Amino acid sequence: MKNLLDLEHKLNYYFNDRNLLKNALLHKSLGNERKEYKNQTNERLELLGDAVLDLIVAEYLYKSYKNASEGPIAKLKAMIVSEPILAKISRQIGVGKFLMLSRGEVMSGGRNRESILADSFEAILGAVYIDSNLDEARVFALSHIKQYIDHIEENEDILDFKSILQEYVQKEFKTVPTYELVAERGPDHMKEFEIQVIVGNYKEKAVARNKKKAEQLSAKALCIKLGVKYNEAL
């Protein structure tokens, strides 16, 4: 087995009880192959780590998106804690070469299998939680997953910008935004809609494949123009 200190460097976490890290890396295939490892596999730590990760990510999103409803937050959370993302984190760390697998699992490519890598990251997080506390586990998890949260945030619609804009405009301008269809372009199966939102002398346009999306995009653009603070982390 590779030097665990090397892995701790990459994890940026040093265990008080390194046996926890060993257990987090011990796959059930080896437990099935060798009886002495049967009760030391990472499945229990994986279960715990899964719950800890759910809490950490849900808490982060709750604090970061004050104006988002439950639905978009749940969608974003599911994407962040998904198997492909967790496997990518494990690959980036290099977890695969430290895994304790059965010979058959090694021969079949287990060190690079997405499901095994994702489960292993959850098991390591569970081990960090047991070895320290929730605060340390939170720092550990976010240090590895934050870049993926940022990437997903940039490419997903999380906030209801129409509601945010309306709330702001009612408070500051004592009116409500109006939306108008500027143009429709393209054939029926690839139609695009250009929508303009108007608040007094302020106007912004956006184009999308459906009217609701175009309205959201135009509202977002006007929020930015007006300096609306719609995504403040606590």
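From the backbone N, Cα and C atoms, a Cβ is placed for every residue, glycine too.
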Mg(2+) site partner of Asp119, Glu122 (as recorded in Swiss-Prot), chosen from Glu43, Glu46, Glu194: Glu46
Average model confidence [pLDDT] within the domain 'DRBM' (160-228): 94
C-beta crowding around Glu122 (active site), within 10 angstroms: 26
Cβ-based isolation winner (fewest other Cβ atoms within 10 Å) among the recorded positions Glu46, Asp50, Asp119: Asp50
Length of the line joining the Cα atoms of Glu46 (Mg(2+) binding site) and Glu122 (active site), in Å: 5
Non-site residues, in chain order, whose CB comes within 8 A of the mean position of the CB atoms of Glu46, Asp119, Glu122 at Mg(2+): Asn42, Glu43, Leu45, Leu47, Gly49, Asp50, Ala118, Ser120, Phe121, Ala123, Gly126
Distance [Cα-Cα, Å, rounded] between Asp119 (Mg(2+) binding site) and Asp50 (active site): 8
